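Please read the structure below before turning to the comments.
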Amino acid sequence: MKNVTSSHVLPFRALIDACWKEKYTSSRFVRDLIAGITVGIIAIPLAMALAIGSGVAPQYGLYTSAVAGIVIALTGGSRFSVSGPTAAFVVILYPVSQQFGLAGLLVATLMSGIFLILFGLARFGRLIEYIPLSVTLGFTSGIGITIGTMQIKDFLGLQMAHVPEHYLQKVGALFMALPTANLGVAAIGIVTLGPLIVWPRLGIRLPVHLPALLLGCAVMGVVNLLGGQVATIGSQFHYILADGSQGSGIPQLLPQLVLPWDMPGSSFTLSWDSLRALLPAAFSMAMLGAIESLLCAVVLDGMTGTKHKANSELVGQGIGNIVAPFFGGITATAAIARSAANVRAGATSPVSAVIHSLLVIMALLILAPLLSWLPLSAMAALLLMVAWNMSEAHKVVNLLRRAPKDDIIVMLICMSLTVLFDMVIAISVGIVLASLLFMRRIAQMTRLSPVNVEVPDDVLVLRVIGPLFFAAAEGLFSDLESRIAGKRIVVLKWDAVPVLDA
């Protein structure tokens, strides 16, 4: 039994189960091919938009989907998960990229990969079950609010020399900059956002991202003809290659092998001080990556009737986040929306996720010049839709209407702390608060009940019902003192106590 359990920590579990233990046929490959192409079409624009939202050039999002996507698909423990950059990381990665640059972000990603492997080896995979829904819904909604706020500048074309880091200051600065909004840029964003909202409501199963971006580009053409100025990927992002050559937009190259701490044009210095400074962010990345990847795996299990290997998935995620920075990839985890699309498109194994990554690589080699023409307002529209989906407004409303007051308080506190401070504080406070409120609820269940037996008048027989632990003890003993007046003998029956705290 020990060997079987330990094997669940090893990488390649999903690949072994799906392609070796189960017969992998040509018909399954065709289904994986269709699913991989479908998800790849979704991933290409999202990867670029999420990289921009994280404060780095768009090609690094593509490198992440390409490299981390393949590595995690092969080594992870969830056969249907598709990994790459995700919206949840934006609020963590952006401050790191602004303070430490791309090289610092890549080093933090590598460190987070080490944490993830340690989480898997320590068999933390099942701990996700102990995080209450009110906590996960609170911090994911808070992340959605933060991401949405961050996109307003590019969506409206606001002229802002500096965007404050603190949320309330950021909102104030955005409000003050509203008079500088560019109507042409806003029109591009609105036209791009429209199909993203309407398309799913029409029941169309084909990916909407490409048609939405094409509409945005068409409006950009009209704005340019009218003499307007529109910021694009090519006009706002520039690159320096290892050989010193420079260019604008997205380089038409495969991901190149690099040293994460020695990126061209970076001022980052690898030292113990810099590693200590990056440690909190790296731990946050690992913590969020673990939560999101395992939540994704649980969702996919429900869609497919399969069972993921939680600890193997954490190890695979860790390996992917260690390998990806050596090719310019930023932090990656399983993306719920892309993974669900993978299942709906007919995927049968991790091969579909590998094909999705190969399509991203093909886009780098063939479509890079065209991708450089994409307007930033259109990319912001993609992220606004991602932020809305991540906020899970319908679940928030449902919880506010039907959940106990304690759960509502926990969710609102987690949401507020995520927006105003950061995710780690939100989750830590949320779990502690939820635990305390749960203990109070359990303590209120512990009570004394009279036992109906014939005894002398000076004898009292009571049954203790419920768990007896420190939180319940004071109330129980107070009730006992109020009952024993005038009694010479008190008999307590313990057969209804499931747990007795020492």
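Cβ atoms here come from the backbone N, Cα and C positions, even for glycine.
Listed features, source TrEMBL:
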DOMAIN    449-502  domain 'STAS'
TRANSMEM  33-53  transmembrane segment
TRANSMEM  60-80  transmembrane segment
TRANSMEM  100-121  transmembrane segment
TRANSMEM  133-152  transmembrane segment
TRANSMEM  172-198  transmembrane segment
TRANSMEM  210-231  transmembrane segment
TRANSMEM  277-300  transmembrane segment
TRANSMEM  358-388  transmembrane segment
TRANSMEM  408-438  transmembrane segment
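Taking Cβ pairs closer than 8 Å, the transmembrane segment (358-388) reaches residues 36-37, 40-41, 43-50, 52-53, 58-59, 62, 65-66, 69-70, 87, 90, 144-145, 147-148, 150-157, 185-186, 188-190, 192-193, 196-197, 209, 212-213, 216-217, 220, 230-234, 236, 248-255, 337 in its own chain, all 6 or more past its ends. Mean predicted confidence for the domain 'STAS' (449-502): the pLDDT average there is 90. Note on the domain 'STAS' (449-502): DSSP counts are 14 helix, 19 strand, 21 coil. If you count C-beta pairs under 8 angstroms between the transmembrane segment (100-121) and each of 33-53, 60-80, 172-198, 210-231, 277-300, the highest count goes to 277-300. When the stretches 172-198, 210-231, 277-300 are ranked by Cβ pairs under 8 Å to the transmembrane segment (33-53), first place goes to 210-231. Long-range Cβ contacts of the transmembrane segment (277-300) within its own chain (Cβ-Cβ under 8 Å, at least 6 residues beyond either end) map to 76-78, 80-81, 83, 86, 88-89, 92-93, 95-96, 100, 104, 107-109, 111-113, 115-116, 119, 124-125, 128, 131, 136, 306, 308, 310, 313-314, 317-318, 321, 331-336, 339-340, 343, 422-424, 427. Residues 41, 45, 154, 157, 182, 184-185, 187-189, 191-196, 199, 373-378, 381-382 of the same chain, all 6+ positions outside the transmembrane segment (210-231), place their C-beta atoms under 8 angstroms from a C-beta of that stretch.
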